[in-house]
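*Asks:* A single structure is presented below for examination.
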Protein chains: 2
Amino acid sequence: MPRLVTMSKDLNADLPWLDALVWDEQGLLPVIAQDAASGRVLMFAWTNREALLETAATGRAVYWSRSRRRLWRKGEESGHVQLVSDIRTDCDGDVILYSVTQEGGIACHTGRESCFFYRLDGENGPWVAADPVLKNPKDIYK
Amino acid sequence: MPRLVTMSKDLNADLPWLDALVWDEQGLLPVIAQDAASGRVLMFAWTNREALLETAATGRAVYWSRSRRRLWRKGEESGHVQLVSDIRTDCDGDVILYSVTQEGGIACHTGRESCFFYRLDGENGPWVAADPVLKNPKDIYK
């Protein structure tokens, strides 16, 4: 797997911008993905050094899947790739913000534009699905 | 402290919308605060049941400060209160998104609009402070 060898090599290189970040005890950071055009917050996920390095190098959003314990190249199953135009971190250097162009206009596995589609209706709830399903998930994940 | 007694009472009540969320092992959830007008992602913080309940009830953003281990009513020192017009959660129910009106136009303790002011300049960095300081922090925290 020459790809991984290359990435490992890069990871061991001197990368001050990665070292400047404040990684948690698991070597992860939270990532917010925001639509570069609409400003909509699309999703929240996690990254590690390898995922962030690949994102910066390729311009395609890569995350670390905590449940699957592997790199998650967004869109690898759905085709809903995210092209990253801007990478930011916050004043504490412990959160990442990707500005993305969302291919297909769908970030959520439910077929919606954004994963943040549940809106609290009144101060006592309930949560209401406030955004339309743009595509049936059965037609996304074949 | 009648206020706290009241809140504790509420916390023990039947609150399905709070129970519906997937709290982490420390009883916390990440929160993204987004400017309702500009769409700018302003900050990232954490909430617990009490902070989220108070936010929903009062319309003012309250967080849980992990470092100080207490409720953090945003703006309590700076005056930079956040008025919350919309509370959302994501498809997994484990992240909160506040749409806020940021009083003073400054969310960051550095005196900037947003905490996400460091932009990665090129794929190898460095991180560059890309947003202006709107107000000297010395004049915010007196």
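Any Cβ shown, glycine's included, is placed from N, Cα and C.
Whatever TrEMBL says is automated annotation, not expert-curated.
So TrEMBL has the following annotated:
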type: DOMAIN; residues: A:43-117; note: domain 'Phosphoribosyl-AMP cyclohydrolase'
type: BINDING; residues: A:D90, A:D92, A:D94; note: Mg(2+) binding site
type: BINDING; residues: A:C91, A:C108, A:C115; note: Zn(2+) binding site
*Asks:* Which residues of the same chain, at least 6 positions away in sequence, have a Cβ lying under 8 Å from the Cβ of A:C108 (Zn(2+) binding site)?
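*Replies:* Long-range Cβ contacts: A:L42, A:M43, A:S114, A:C115, A:F117.
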*Asks:* Have a look around A:C91 (Zn(2+) binding site) and count the other CB atoms within 10 A of its CB, chains all included.
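*Replies:* Counting Cβ neighbours of A:C91 (Zn(2+) binding site) within 10 Å gives 18.
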*Asks:* For A:C108 (Zn(2+) binding site), which DSSP three-state class applies?
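*Replies:* SS state of A:C108 (Zn(2+) binding site) = coil.
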*Asks:* For A:D90 (Mg(2+) binding site), what residues in its own chain, 6 or more apart in sequence, show a Cβ-Cβ distance under 8 Å?
*Replies:* A:L97
*Asks:* When secondary structure is assigned with DSSP, how many helix, strand and coil residues does the domain 'Phosphoribosyl-AMP cyclohydrolase' (A:43-117) contain?
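*Replies:* Helix, strand, coil within the domain 'Phosphoribosyl-AMP cyclohydrolase' (A:43-117): 13 helix, 29 strand, 33 coil.
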*Asks:* Starting from the Cβ of A:C115 (Zn(2+) binding site), draw a 10 Å sphere and report how many other Cβ atoms land inside it.
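*Replies:* Its Cβ shell of radius 10 Å holds 24 other Cβ atoms.
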